[in-house]
Amino acid sequence: MNATHCILALQLFLMAVSGCYCHGTVIESLESLNNYFNSSGIDVEEKSLFLDIWRNWQKDGDMKILQSQIISFYLRLFEVLKDNQAISNNISVIESHLITTFFSNSKAKKDAFMSIAKFEVNNPQVQRQAFNELIRVVHQLLPESSLRKRKRSRC
């Protein structure tokens, strides 16, 4: 995956999420990163990392799921690029904006979110714990009305 594609997708994603209303510094940072990665070329504009999927999911109304995956991707990308002095300030501005808008300005929520992405799925202890918690996760995903029906049918 090309970093140029990532930055362009980020720019479009942020514009879509924020309804094209961003602080001037965020837009300036996005433009600066766009220039740094030369992400406005035809080879970049022809392809989409997220936007085609984004459009399809908007129809279904399950945007929060897709947003969380996209945000996770960008936060990991920022982690890789944070040591690049030429763009570190711009990345910091955009990361702060994402934390403010997606995580309700909670660093604790962001850290918890990122810790999930770092779990090693090949680790047997992680696997055991994950399967131990799976039933609770599945129950929380069920609509509340179907939970009530199940409780009544058991009586």
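For all residues, glycine too, the Cβ spot is worked out from N, Cα and C.
Now, the feature entries from Swiss-Prot:
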{"type": "CARBOHYD", "residues": "Asn38", "note": "N-linked glycosylation site"}
{"type": "CARBOHYD", "residues": "Asn90", "note": "N-linked glycosylation site"}
{"type": "SIGNAL", "residues": "1-22", "note": "signal peptide"}
*Between the glycosylation sites Asn38, Asn90, whose Cβ has more other Cβ atoms within 10 Å than any of the rest?*
Asn90
*Asn90 (N-linked glycosylation site) and Asn38 (N-linked glycosylation site), Cα-Cα, nearest whole angstrom*: 15
*Where does Asn90 (N-linked glycosylation site) sit in DSSP terms: helix, strand, or coil?*
helix
